[in-house]
Ligand SMILES: NC(=O)C1=CN([C@@H]2O[C@H](COP(=O)(O)OP(=O)(O)OC[C@H]3O[C@@H](n4cnc5c(N)ncnc54)[C@H](OP(=O)(O)O)[C@@H]3O)[C@@H](O)[C@H]2O)C=CC1
Ligand SMILES: O=C(O)[C@@H]1CCC=N1
C-alpha cells in the first residue's frame with residue numbers, strides 16, 4: 001500500500017489512520033478535513049499531507065485528491081455528510097478501493113453515490129482508538145479477491161475483523177458498534193455500586209475494569225459457558241445469588257437484550273431514511 005486518503009479525522013478516521021500507518025509505515029497519507037486543528041493533528045501524528053476542504057466542497061479543493069491518486073480511500077465522515085462529498089469524490093477518487101466507516105449508508109447507496117463497485121463497508125467500534133475494535137467487513141458482491149484481502153488487512157490493523165453479510169450489519173451495530181457503549185454503562189454502574197458500598201469512585205472503577213477484564217479473559221481462554229461461570233460464583237444462599245436475583249428483579253437480561261434490539265432497529269431505520 002503506497003497512498004491512502006482519509007476523509008474525516010475524527011474519532012474513527014484518526015483511529016483507522018493511525019492503525020493503517022502502523023500497518024503500512026511506508027505509505028503516504030492524505031487527510032481531508034474541514035477543521036484545521038484536526039488536519040494539523042494528522043500531520044503531527046501520522047505525517048499526513050492535508051487537504052483543507054471548504055464547504056461546500058469546491059472542485060479546486062478536491063483536485064489535489066486526483067493528483068494524489070490514492071489506492072485506498074477511507075470515508076470517515078458522519079453519514080449525513082456523505083451526500084455533499086459524493087459528487088465531488090466521484091470525479092476525483094480515480095480507481096481507489098473505497099472503505100466506508102459510515103453507519104447507515106448501505107453498499108447500494110455508496111456504489112450509486114460514488115459510481116463504483118470497488119466499495120467495502122466497515123462497521124467498527126470505539127475500541128479502534130486502542131487497536132481493539134471489532135470491525136464487521138462487508139464487501140460489495142463485485143469486489144475482486146485482492147481488494148477483499150486488502151480490506152481484511154486494513155480492518156485487522158485496528159483489531160478483530162469479521163466478514164458479515166450486509167443484512168447483519170445492523171445486528172452487529174446493536175451487539176458491538178453501539179454495544180461497547182452498553183459495556184461502558186455497565187462498568188460505570190458497577191463502579192457506582194462500589195462507591196455506594198464505600199469504596200471511592202476512582203478505585204471502584206479501576207476494580208470494576210479489572211474484574212470485567214478478568215471475566216473476559218476467563219471466558220476467552222477456558223471455553224466455559226458464561227452461565228456455567230455464573231453458577232460457579234453463586235454459593236447456595238450466598239452473596240452472588242442475592243445479587244443475581246436483584247439484577248433479574250430489575251430486568252437486567254431483558255434490558256440488555258432490548259438495548260441491542262433497539263440499536264439494531266434504529267440502524268435499520270437510518271438505512272431506510
Ligand atoms: N464513533 C463510533 O463509535 C462509530 C462511528 N462510526 C461511523 O464512523 C464515522 C465517523 O464517526 P466519528 O469519527 O465518531 O465522527 P467525528 O465527528 O468524530 O468525525 C468526523 C470528522 O469528519 C469531519 N468532516 C465533516 N465533513 C467533512 C468533509 N466533507 N470532508 C472531510 N472531513 C469532514 C468532521 O469535522 P467537523 O467535526 O468539523 O464536522 C470530523 O472531524 C461516522 O460515519 C459513524 O457512523 C461507525 C461505528 C462506530
Ligand atoms: O450511534 C451511532 O450512530 C454509531 C454507529 C455505531 C456506533 N455508533
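Our numbering is plain: 1 for the first residue shown, then up by one each step along the chain.
Each residue, glycine too, has its Cβ placed from N, Cα and C.
In TrEMBL, annotation is done automatically, which means it is predicted and not curated.
Feature annotations, reproduced from TrEMBL:
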- 76, 77, 78, 79: NADP(+) binding site (BINDING)
- 3-104: domain 'Pyrroline-5-carboxylate reductase catalytic N-terminal' (DOMAIN)
- 166-270: domain 'Pyrroline-5-carboxylate reductase dimerisation' (DOMAIN)
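Distribution of TrEMBL features across the structure.
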residue	record	Cβ neighbours (10 Å)
76	NADP(+) binding site	24
77	NADP(+) binding site	23
78	NADP(+) binding site	12
79	NADP(+) binding site	17
Same-chain shell around NADP(+) excluding 76, 77, 78, 79, C-beta within 8 angstroms of the CB centroid, reads 8, 10, 75, 80, 81, 82, 101, 102
